[in-house]
Each structure stands twice: as C-alpha cells, then as structure tokens.
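Going by Swiss-Prot, these are the annotated features:
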- 80: active site, charge relay system (ACT_SITE)
- 155: active site, charge relay system (ACT_SITE)
- 179: active site, acyl-ester intermediate (ACT_SITE)
C-alpha cells in the first residue's frame, strides 16, 4: 500500500471506515514518520505514543462492533501545546509550565476525542503564543520542512511544520494575530482562523482573551473544513462562544472544489496593495487573483482606510490583555516555583519565579501591557487602541456591503532564515501585518497556498464576515482546485 502518511485526512477516514486500513496502522505510520524526521523538524514537544495507539484501537473496536463512526474517526491529529490535555503535558512553550499536566481536557480536545480522532501529541510554539517564528519557544525552534534553515512561522509553527513534514494529516492551532494563517502560508499548508466565538476557548491557555481563536490546520481545504466542523459550535463553558451552529463549511469546500466562482464578488484591500511585501509574494498574489477571475469571480478594489493602524492597535491591546492573563503564573498555584526556601517572602518567590520562568519576548509584552494599563495612561493607549479597533470593524462592515469576501497576501514575505529577525522585534511583528485586522474585527480568515517565491510557499488570505466562514472555504477550495496542494522537498 502507498505510504499512509501521504493520504489526506478525508482519504484516511475513508480507508478506516471501509476497513481497507486500520486506525492502528494509520496511527503507527505517522508515529514512525515522527520518529524518522522530527529530530530535524522539531515540530513536537511531546508525542503520546501509548495514548494515540489506545485511541486507535478503540476506533478499530468500534468499527468491528458495527458502531457508526464520525467523518474523521481514526485520523491522527496534532494539538498546539496551548490547549489543555488531561494527563498530557501542556507547556504553552514556556519553562514556567514545563512540568504541568492538566487535570482536564479543553473543549477542543474533548470534541476531538469524541469524534474518534487520534491525538498524536503536542506541537511546539512561541512561548504563550507570542511570536511569529516559533523561535521564542523555551524548548528550541521548529524548522520549516521546505528549508530546514528557515522558520515555519509562528506562533504555531509546530502545528504547520508537522503537516508539511507529513507527520500528521491534521493539526490544531490558535490564532491571536495570525498564528494559524501565517505559519500555514510559509509552510505551504492550509490555516484557518474561524469567527471569534465560533470555536471554544475553554482550556486554551490565554494570551489575549478578546482575540484568541482556536482553529484547524491541514494540507487541504476540505480536510480543514472537516476538522472545523468537528471542533466548532457553541460551548456553554466559554462565555464568548456564539450560540449558533457551525456554518456549512464542508459543503462550501466541496462546492469550491468544482472550480466555479460565478457570482462571487471579491475585494482586494487597497491599503494592502504591496506595502511591505516582497516582490515574489506580490507576484504570486497577483497570479492568484488572475486565477480567481478566470474561475468566474468578480474582483474589485475596496478601501479599508483604518487597516494601516491595525498593527499598532494590536500591539497595545494584546500586550495589555496578556499582562493581566499572565498574572496567574506566579509559582503559587501550579507550574514552576523558584526561591521557595522558607526565607524569602511570597512576593520575592513570585518575582523570582516569573524572572526565571518567562522568556524575553513574554517579558517585553507584559511590561508593555502593564504600562499601557497603568494609571494615567489607560485612556491614551489601551482606550485609544480599542477605539481604533472599532473603526477597523466598521471598515470591514462597509467592505462586506460591497463584496462577499476580501483577499490579500497572508504574509508580506516568505519564510526567513532562523535567527534573521530575533534581534529586531518590529521586523518580527510585521509578519502579521495582513492577518491582524481580521482578529481585531472578529471575522474568519483562511490562508491557502497560492504559489512559490524563490522556491518557498506563498499564501493567499481570504477574509469573510462574521459567521460566514463558509464563504472563505468556497474561495480557498476553488483556488486549490487549480493550484493544488503543495508538496515540500523530501526530508
């Protein structure tokens, strides 16, 4: 049989359902692949071999008993190490949580288990999801399977690199300012940020609570849609969860795969027309626009004048919320504890713990956020940023009165060499230039491969109105039907 790691998730689910391959065989093939290549890629922080095989055996037993199986039963999935997994390490890429094993599953993980997917393990990430390259992980960087000397994007580079390395057919990420879509773009995979509130944040280690959004990652648009359908939907344990059904993203992906976009009106954001983007990225984007036009879409230019303020607004809102959220990591209740010698005061222990446990990027953002929220500065910084956020949301609302979806490059540049930007935080922050607006608005966004620049993947971003996730899946699948899924060089 063909190497099982080369199949899509939809194909693997079909093999298992028909009894042409067992879930154990599928799982073992991916575990073997991880053993063979992950010492070079470093996509995983923890591989739960026994747990994965036990879950696979359960699927095989249920099939043998004639029980109905879900659409992804027996399919392996990797989970970004920012979602709690009962009894399995959850570090958020930080030294401060290095030995923490949560006593409960996040809602996303619970739904994955209920659907019969097989969790392979936890993937590497920038510490507390703060970064754009997965170089800020306390456990070392992840490498891009397209070129191991380059970054896989961030913060969820591990989830996307694992897909590109064929270590898993599916993975879960979280997107606060582009942390699913940007890694997807630079690894040639599909990354989806659902509508905020469309996927549960219960059990997600919080970075910026008004922005954090868990979502699916895959190698094909249909696979991402199938995973989206499994993890999405209302959750009473999350106060920000939208009490509405998941849009019919699977049907939309299948419709788009026909390659017909007749009647679809797409908007190119004028303010994103080339600012800060590499020539190769722009060339791939313009070629994708031509392809979408040939598929029947009408492409027009729209203006979103406040998008230029999205990056500075984000870097006030997100650090402000993270400075509050990360206050819980103090060495008192769980995680790392430093200096508890019976002599130091509680305040000294807390300070020593945070000094030793947090990395430089986390400290930078906590300090920035604390300042922005401090007395006398709150209105000038955090308050003003929230007003800008409202203006950006109005830009989206106005734009979506004219078009069905917006398109742009996902990132301004292709994957850069490891270490090339760590000395300049601002250059690192520019990686999310095109993705941040949809986080501030709360609407969905997807990155789908659209071409190559200098032999490296380029992603097209499709943004849609809130709870219209199906629209972006249709457009992305249509482009994929022409461009096709990308295959990196052999490792």
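Cβ atoms here come from the backbone N, Cα and C positions, even for glycine.
Of the recorded residues, the residue listed as 'active site, acyl-ester intermediate' and residue 155 (active site, charge relay system) place their C-alpha atoms 5 Å from one another. In the three-state DSSP scheme, the residue listed as 'active site, acyl-ester intermediate' is classed as coil. Counting only residues at least six positions away in the same chain, the Cβ atoms of 93, 125, 126, 129, 130, 131, 132, 134, 136, 174, 176, 179 sit under 8 Å from the Cβ of residue 155 (active site, charge relay system). Look at the active-site residues 80, 179 and count other Cβ atoms within 10 Å of each Cβ; 80 has the fewest.
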